[in-house]
Amino acid sequence: MLESVAAASSHGLSTPTETSDAAPPPTLRLLTCGSVDDGKSTLIGRLLFEQSLIFDDHFAALERDSKRHGTTGDDIDFALLVDGLEAEREQGITIDVAYRYVSTPRRAFIIADTPGHEQYTRNMATAASSASLAILLVDARKGLLTQTCRHAAIVSLIGIRHVVLAVNKIDLTGFDEAGFNKIVADFKAFAATLGFASITPIPISARHGDNVSEKSANTPWHKGPALLSFLETVEVEEDQSAKPFRFPVQWVNRPHLDFRGFAGTIASGTVRPGDEIVVAGSGKTSKVARIVAADGDLASAGAGEAVTLTLADELDIARGDLLSDAKSRPDVSDQFAAHLIWMSEDKLMPGRSYLLKSGAKTVPVTVTELKHRIDVNTLGQLPARTLSLNEVGVCNLATASPIAFDPYADNHTTGSFILIDRATNATAAAGLVSFGLRRATNIHRHGLSIGKLDRARLNNQKPAVLWFTGLSGSGKSTISNLVESWLFAHGLRTVLLDGDNIRHGLNKNLGFTEVDRVENIRRVGEVAKLMTDAGLIVLCSFISPFAAERQLVRDLLDDGEFLEVFVDTPIEECIARDPKGLYKKAIAGEIKNFTGVDQRYEAPLNPEMIVARDGQTPQQAAAAIVKELIRRGFIDSFADPGDDFSI
């Protein structure tokens, strides 16, 4: 360590480890954003260099790397200080978000260098979620580009209200004032509806340092400050402690019988012993007894502090619950409107079940309506049935159980969430709550005197859903019809929902795109649930190509009620059968979106039953299914179907 300090000193550089007795300056979190090759990484590298935050060995490595990977000729390529991935250096682009720490005598900064390529927009949105100010770079030669506008729209959507419009590479235009003014005017016209509190334009040359740390003599027409001077003095932070108290519970702390506390980080507001709080989900109230921190009890605590609260009463509180000010409560609903920034390669499917994670709480959720997509170039509303990677849309969502939230504009912590793909556990979207939907609080379930179990006892059977899935022509309808005929012949109450029949009525308005197939199964699942409530054995025969929708139906039902039957007939056999002539048309290109030809089928990974393998006949498959119903106790074993029955 001493050698490094000495080396840095010999190079005329101070070290990042220097300290003083003065109070640390207020930290500003910011990000650089903008289109590719506009100089974001170079700007941060220049700041690090001019603030003497580069060790001697790092500088030597930078000189070597600039010769190998640099894009600035014989000059130092400061972008390489930030672009650390080998792929970034080889391609000369930023891929991942890089965080750098800069400190001056007046202020400390945490700077996020974000990628400019469209395919990495999700990385930029992630970095923006923790920033208070954005430096939006624009190439002085190119002006506003699509990605510039997209990043500006996302910055606004995320809630950043202060923007520095850094018009970079001003040296390559001969420090042209007119060109600079045109870019500023174009951006202000575009951003007029974005709600920025301030837009500060600064002409810079990140490569040569003009107006980065000090005012440049090359731009005498620029009357504003240099970039660093502005960043050292700008006030952007909101006082989170002045907002209503919000405390997401991250952990129930029970080290012994005499202590039960609720640990977490205060999202907003302040709290003191004796304050009345409410558990948002249940509506139960209590008073704060103690505020426990690592150094002992506190007299008060505010936003950003990690503490453990104990309450005066024993309440049922678990991880994911939200404690709040009893006089200023959050919304609690199972339906709300939100903006979604789509981050997955797989498109959004309205009607599909995802997982919503807000704080420590995770619940199943469905996008019930995609209202529109936002055009990032014009900020206009475009009709859309789905969202693709990096697109932004406005949606209505419905959760499986009510959750507590605030509008994102009021509270970034309790108003934000992510959507998770249930099949891959990958993050699918970032969400920002707009408002709760009144329909959620105005509609209540009506209690019924006769329930599912009453109807099941009357029918002398247990309700179940037999879900037959497989390719077209696999034999689903034939096998399900045989099973129902046997059950009906033995006095059992059944109903058979067949894909073709349903599309003649309930789902007549749906096509065969992936979005329509998702909605098709969602509707059928709800119908099947109603019929199990009637105590029936429901047989559903649908291709149902996507695992997520089959899981959605399973989740609608009680544990053990859903039996997935995979009719595993090879596609070659299905094509050979082609009972409706559809494969022939699909292969010839006369039919689009045909499962197994130009649309994927996701085979079940762990179905309750697999039939139609190894030459098994439909009769043998039906007999095996009936035996499984008897084995699982759904019906009595008053008759043995044998191994190969016929009705």
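Keep in mind that glycine also has a Cβ here, set from the backbone N, Cα and C atoms.
Worth saying up front: this structure is predicted, and the values here are computed from it rather than measured.
The region 'Disordered' annotation in TrEMBL covers 1-26.
What TrEMBL lists as compositional bias 'Polar residues' is 11-20.
What TrEMBL records for 25-241 is domain 'Tr-type G'.
Marked as GTP binding site by TrEMBL: 34-41, 113-117, 168-171. For GLY34 (GTP binding site), other Cβ atoms within 10 Å of its Cβ number 28. In the three-state DSSP assignment, the secondary structure recorded for GLY34 (GTP binding site) is strand.
Positions annotated as ATP binding site by TrEMBL: GLY470, LEU471, SER472, GLY473, SER474, GLY475, LYS476, SER477. Packing around GLY470 (ATP binding site) is summarised by its Cβ count: 28 other Cβ atoms lie within 10 angstroms of its Cβ, all protein chains included.
Cβ neighbour count for SER544 (active site, phosphoserine intermediate): 27 (other Cβ atoms within 10 Å of its Cβ, all protein chains included). Annotated active site, phosphoserine intermediate per TrEMBL: SER544, in sequence order.
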Shell of the ATP site beyond GLY470, LEU471, SER472, GLY473, SER474, GLY475, LYS476, SER477, same chain only (C-beta within 8 angstroms of their C-beta centre): ILE543, VAL567, THR569, CYS574
Packing count at LYS40 (GTP binding site) (other Cβ atoms within 10 Å of its Cβ): 32
Secondary structure at SER477 (ATP binding site), reduced by DSSP to three states: helix
Cβ-based isolation winner (fewest other Cβ atoms within 10 Å) among the binding-site residues HIS117, LYS476: HIS117
Within the predicted model, mean pLDDT of the domain 'Tr-type G' (25-241): 81
Same chain, 6+ residues apart, C-beta under 8 Å of the C-beta of SER472 (ATP binding site), given in sequence order: ILE543, CYS574, LYS580, LEU582, TYR583, PHE594, THR595, GLY596
Length of the line joining the Cα atoms of GLY34 (GTP binding site) and SER544 (active site, phosphoserine intermediate), in Å: 42
